[in-house]
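A.B. asks: Questions regarding the structure given below will be posed in turn.
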Amino acid sequence: MQDQGGASLTGIEPSPTPVDAPARADRRGLRTRLAVVALAVLALDQATKAWALAALTPGEPVDVLGSAIRLNLIRNAGAAFSLGDGSTWVLTLVSLAILVGVVIGARRVANSPWALSLGLLLGGAVGNLVDRFAREPGPGRGHVVDFIDYFGFFIGNVADIAIVVAAGVIMVLAQRGISVGAPVHHPEHADG
């Protein structure tokens, strides 16, 4: 028997519906995928930067695909295209804000494309943040190691590639109206 408010007289609340368990497991799996992508990007970014610092000499580019793609070591105090040179601490704060936003978004992720894009964005942001905190001239003001020279126009790194790919995927998702918290349903394929 229940009282007027509908609460159980025994004090024992009913357990949540079993339908919630698969949804929670799916989200956990997606968050795991996001974390794996982020860690892979971070590891690859830091490994390639360590290699570039050991193998390349600033001012001595190495052609990979003629002059289209070169390895050209620089230390970048700014953002992409060296914008914001001299405002490294501002870029550090912006990167930290992006990091917080991605972590908040990760809690709501409900589909693979968002898990992938947020993982790429997180790994790239953390990769460049590591440089800003750990490299000269000092914490929060460190210069990012860039070494992939595209047509002599832009020099970047693996973290930058991950961030650009993530931005592209996020733009497509937004254009299609797929939100971070919306599960993506695939139509059943009929045989014959």
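Using N, Cα and C of the backbone, Cβ positions are placed for all residues, glycine too.
Quick paste from TrEMBL:
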- 1-24: region 'Disordered' (REGION)
- 34-56: transmembrane segment (TRANSMEM)
- 88-106: transmembrane segment (TRANSMEM)
- 113-130: transmembrane segment (TRANSMEM)
- ASP146: active site (ACT_SITE)
- 150-174: transmembrane segment (TRANSMEM)
- ASP160: active site (ACT_SITE)
A.B. asks: Could you list the residues of the same chain, at least six apart in sequence, whose Cβ is under 8 A from the Cβ of ASP146 (active site)?
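C.D. replies: The list for ASP146 (active site) reads LEU73, ILE74, ARG75, ASN76, ILE155, GLY156, ASN157, ASP160, given in order along the sequence.
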A.B. asks: Need the DSSP three-state call for ASP146 (active site) to compare against my parser.
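C.D. replies: ASP146 (active site) sits in a strand per DSSP.
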A.B. asks: Looking only at Cβ atoms, how many others are within 10 Å of the one on ASP160 (active site)?
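C.D. replies: Excluding its own Cβ, the number within 10 Å is 21.
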